[in-house]
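Undergrad: According to TrEMBL:
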- 12-36: transmembrane segment (TRANSMEM)
- 42-63: transmembrane segment (TRANSMEM)
- 75-95: transmembrane segment (TRANSMEM)
- 156-184: transmembrane segment (TRANSMEM)
- 224-249: transmembrane segment (TRANSMEM)
- 255-276: transmembrane segment (TRANSMEM)
- 288-307: transmembrane segment (TRANSMEM)
- 313-334: transmembrane segment (TRANSMEM)
- 355-374: transmembrane segment (TRANSMEM)
- 380-399: transmembrane segment (TRANSMEM)
Amino acid sequence: MNRAFIPRNLRYLLAAFALSNLGLWSFTIAAPWVLYNRYHSAIGVAAGYVMTFAPQVLFTGVGGPLADHWPRGSLLMVSDGFSAIMLGLGSAITVDHGPPAVLYGLIFAVASAQAIYHPTFQAVLPETVNGDPALMASASNWMQGVQNVTMVAGPLWAGVGIGAMGVTGVFMVTGLLFLVAVVLNLRIRGLSEPVGSPSKPSSRSPAVTGVWQGWRFVRRHRGLWWGSLFFAAVNIGAGAIESLLLFFLRHHLGFRASMVGVMYAAQGIASIGAMLVTPRLSKRWRPLVLMVSASLVMVVGDLMIGLGQWPPIVIGGVMLVQGSIAVAATQWFTYRALVTPSDLLGRVVAATRTIAYLPLPLATLGAGLVANRIGADRVIVDAALVTLVAVIGVGGLLLRQDSLYAVSVSKRAD
């Protein structure tokens with residue numbers, strides 16, 4: 001990648017995103033590790049994932065309107081800064097020995113900051129390339145590339161760091177990563193003013209008005225609507241599996257922290273591979289078709305995880321799942337950005353993410369409760385079958401909207 005072809009703002013945005021994502025991955029490994037060591041139960045770990053997913057449902061709907069009505073650069077800094085403060089407080093009170101409520105509260109707080117960060121980041125990204133469709137596709141690939149690298153480096157660092165300095169040390173370093181991300185966001189120029197405003201005056205607050213505008217646009221655009229419902233249906237099974245993965249690796253397969261880090265790092269390697277093949281696939285299939293096809297491949301990986309008791313098979317399943325997710329996510333991000341007006345993008349991202357995340361808190365909690373009775377491996381297999389039904393059922397309805405993609409893009413070109 002030639003540095004000269006990457007706009008200045010995009011370079012700083014991606015650098016800050018890399019550090020923020022690296023910190024998030026470290027936290028994603030360290031927090032459930034503490035929960036497992038305390039409770040040695042699936043429900044104890046799954047409750048942590050409930051605290052992770054609940055803010056995505058509660059606050060993402062507000063994050064999008066904020067991204068369209070408030071300075072986006074400032075929102076990125078506030079989000080990363082808040083995460084840094086929370087992790088600093090967490091390490092100061094030694095979360096690995098403190099009250100359980102402190103750790104669950106810390107997970108909820110960091111996830112709440114991310115609920116604001118992600119819609120803002122996804123709204124800022126097109127602005128750094130001035131909304132150019134060709135550059136937007138490249139920016140999406142660069143973003144996915146950064147995400148893939150941090151998905152390898154973050155878990156590896158977390159696994160080694162937990163063994164070397166304990167969870168408290170990992171939390172301190174993670175807080176510093178978020179703090180440096182704040183400094184890099186300060187270098188981004190031209191994002192100091194809000195870029196969107198309500199289309200009509202309203203007596204309601206901008207946040208309330210913005211939430212309604214984003215949901216209304218998604219509901220009227222059948223491709224966005226059915227795409228959001230598709231991810232919501234898929235997330236019922238996928239969320240259950242994600243919440244049990246670390247418990248399954250530690251409890252059923254006996255993995256140490258370093259090996260768990262390697263396992264999660266394998267996801268990043270798979271995403272890098274997916275990024276390399278996605279451009280070729282996207283030339284042959286439209287985004288919605290590729291999304292559904294990748295989700296079918298993901299089910300195969302889920303079954304490999306649940307049925308495979310040999311680590312190489314489980315690692316292969318994890319890689320297959322993450323590679324499929326990377327393909328689907330990239331296609332969805334590009335499709336959504338192309339069919340949405342730039343001044344509504346933050347609100348539309350918030351609406352679609354909220355819909356997709358709605359089933360996750362209950363799915364993860366239910367998975368933990370059932371796994372305590374019948375075992376995590378059986379729940380993973382059952383969740384994979386639920387995902388298969390969702391992909392076939394809702395995916396079929398989504399593909400009926402595929403022709404709208406070409407129509408929407410042609411209208412924007414006109």
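Any Cβ shown, glycine's included, is placed from N, Cα and C.
TrEMBL: automatically predicted annotations, no manual curation.
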Undergrad: Is it true that the transmembrane segment (313-334) and the transmembrane segment (255-276) have 3 or more CB pairs under 8 Å, sequence gap of 6 or more?
TA: yes
Undergrad: The transmembrane segment (355-374): which same-chain residues, six or more beyond its ends, come within Cβ distance under 8 Å?
TA: 41-47, 49-50, 53-54, 56-57, 60, 218, 228-229, 231-233, 235-237, 239-244, 247, 383
Undergrad: Answer yes if the transmembrane segment (224-249) and the transmembrane segment (380-399) have at least three CB pairs under 8 Å among residue pairs 6 or more apart in sequence, and no otherwise.
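TA: As far as Cβ distances go (cut-off 8 Å, pairs 6 or more apart), the transmembrane segment (224-249) and the transmembrane segment (380-399) touch.
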Undergrad: What stretch, picked from 12-36, 255-276, 288-307, has the most CB pairs under 8 A with the transmembrane segment (75-95)?
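TA: By Cβ pairs under 8 Å, 12-36 leads among 12-36, 255-276, 288-307.
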Undergrad: Other than its close neighbours in sequence, what residues sit by the transmembrane segment (288-307), given a CB gap under 8 Å and a spacing of at least six beyond its ends?
TA: 223, 227, 230, 234, 237-238, 241, 245, 248, 278, 281-282, 313-314, 316-325, 327-328, 331-332, 335, 377-381, 383-384, 387-388, 391, 395, 398-399, 401-402, 405
Undergrad: Please work out which recorded stretch in 42-63, 156-184, 255-276 has the most C-beta pairs separated by under 8 angstroms from the transmembrane segment (12-36)?
TA: 156-184
Undergrad: The transmembrane segment (380-399): which same-chain residues, six or more beyond its ends, come within Cβ distance under 8 Å?
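TA: Same-chain contacts beyond the flanks: 223, 226-227, 229-230, 233-234, 236-238, 240-241, 244, 248, 288-289, 291-292, 295-296, 298-299, 302-303, 305-307, 367.
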